[in-house]
């Protein structure tokens, strides 16, 4: 394996206690990338979740965890892995001491599964989920497929391991080791190493890969147990437990020997795993039936073993006598750098040769005159002490919470309370009088007349009256079709800022979904579309008359729901944006039915009405009913988002295999819609008789033949229409990002979830 980002450390400068013979230690060339994001994660936890007390995580005076356990990590990925690993350490401490550890694991699992499958994490207004959304967003922006693989692996880790049996009293070594192989995070390590090194294990080799790596996973678990024994023992005592879920305790009890003797038994087991795994790696290197990436993964794990050992021997997390180095203490006291150092000049490349410009880091603290971001000051024991931060606003306009006496005074604008179940066991004693907050805000707040599926309001529950079944049927059908729920996700993301009370938020989702589904019913009928989400369109099943009647009925039903807000302004917003939807659709239909090609400006005016109207509707309702003391106009952002959303849809309709599967090949051309690529083609080739005649034939036949659609698509490529659309998407994406940044500064809160939604749309 080629080593590009790490160097071998002089063995005379570190200790191994004789437990890693034959495996050198390698250290990443830019460990400060990890340090910055590790401290940032701690600050985010203080701000979003609660105080850390005497917590210590992945930093060490000489060696940081990720820098020596994944030394060949691609530089642009080291920061986010350091951030994610710090969350893992925090989560580990939570499940050690929490009364409901499995609930926290279930929550972690659900969040990562959602991020991997939909790009959305529900309930992102809660602290932990906001942190997870940030991780997912950063990873997706680097490499979507590697990120999805890692998020799925971490979800599996949360499901099977992650301390789920910390309270189990294991009786035998074999029983415990079987559990520990899962709990050490087979899937967690797999996710870290593969994402960090840009590795893609072939699906057919995955089972074999893990089987070959089992010995390494066992080593990692045993090493962790050996050096974390004292910490876990003290935690068990503090929690009034008479046992410790650690190999040392299990050996002592099963063999009836002393602690010192049990540790020696553990050391011998560790030595054996080193010998065995070195042989496995050497044997695998010689095989020609194993992929290069599987070999790279196993060799990467080899250095994880030496790194994990050396870090464990002197890290502050396991050893109270160990402190931090000067740079770390300086950053803890005076603030971390505003931006991480540039990696490899002006850009970095991932394993696939994709270049990424260095990103400006998230501003999670106040800026001083030295381009620093203030984090809570920390003493040599890792405990926060009084800081001079006074919740001031930094250069980016983000307001941050003051820190005092080891606790985070949570920003009142967030209206979030400290969850003492998520606080280190030693700090819990100091905060036992503080009330916790709900794990999922908005849970257990069902509004009358709605059905919730995975937290998203999907349909109105009809009364038992038989007379309504007929008029309800078309709506129920369209509501039952699979949906990505982008609007629900966007509402959840905006609520990070707006803090709309749960009952009102559910009402906004219900109204939005009603209007969205009715618009789909009418659009498919008016456009002559026979497919919706890969299924038959509503009007092809229920007929045009019933579909129109049901759609109109549910517009009235939506208005009834708006009345429940109890104020006139909500009704005004509803009527204004509903009118916009109809005006936008009228322009689209007029251009299509009369074969009139609009200008680009006219097209975007139509989009702001037809697509942007629904986004503005829920955005304006959320602003009106926001409990946040800061008020901001979301209209500009939502208009830009609507433009981006529709332009992306235009492009995907012509180029995406998934769209072809769901709606048919180039369906927009069948319908005669003037999408942005077609508008560009018409205006860039006004004298092209092929284009004009094909479009005339489409009007005559009310559809375009597959051959005609293919011809139009080829002309779009030749005339640069698809490239023009891609360029437009880049510009619109930048404008949406700028709007998000402006709103983050206005509200004083980073919106990781909204950025994740935008990134998923860009990558899809």
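Glycine residues also receive a Cβ, built from the backbone N, Cα and C atoms like all the rest.
Annotated by Swiss-Prot as motif 'NSE/DTE', the relevant range among 224-232, 233-241, 242-250 is 224-232.
Checking Swiss-Prot for motif 'DDXXD 2' across the ranges 518-522, 523-527, 528-532 points to 523-527. Residues 96, 180, 184, 244-249, 259, 263, 266-267, 270, 308, 312-313, 317-318 of the same chain lie 6 or more positions beyond the ends of the motif 'NSE/DTE' (224-232) yet place their CB under 8 Å from a CB of it. A coil conformation is recorded for residue 673 (dimethylallyl diphosphate binding site) in the three-state DSSP classification, outside any helix or strand. In this model, the region 'Prenyltransferase' (325-761) carries an average pLDDT of 72. Residue 653 (dimethylallyl diphosphate binding site) has a Cβ environment of 22 other Cβ atoms inside 10 Å. In this structure, the C-alpha atom of residue 532 (dimethylallyl diphosphate binding site) lies 45 angstrom from that of residue 92 (Mg(2+) 1 binding site).
Cβ contacts within 10 Å of residue 92 (Mg(2+) 1 binding site), excluding its own Cβ and spanning all protein chains shown: 18. Note: the CA-CA distance between residue 653 (dimethylallyl diphosphate binding site) and residue 92 (Mg(2+) 1 binding site) rounds to 45 Å. The DSSP breakdown of the motif 'NSE/DTE' (224-232), given as helix, strand and coil counts, is 9 helix, 0 strand, 0 coil.
Here residue 92 (Mg(2+) 1 binding site) is positioned 54 angstrom away from residue 673 (dimethylallyl diphosphate binding site), judged by their C-alpha atoms. Looking at 610, 673, the binding-site residues in this record, the fewest other C-beta atoms within 10 angstroms of the C-beta turn up around 673.
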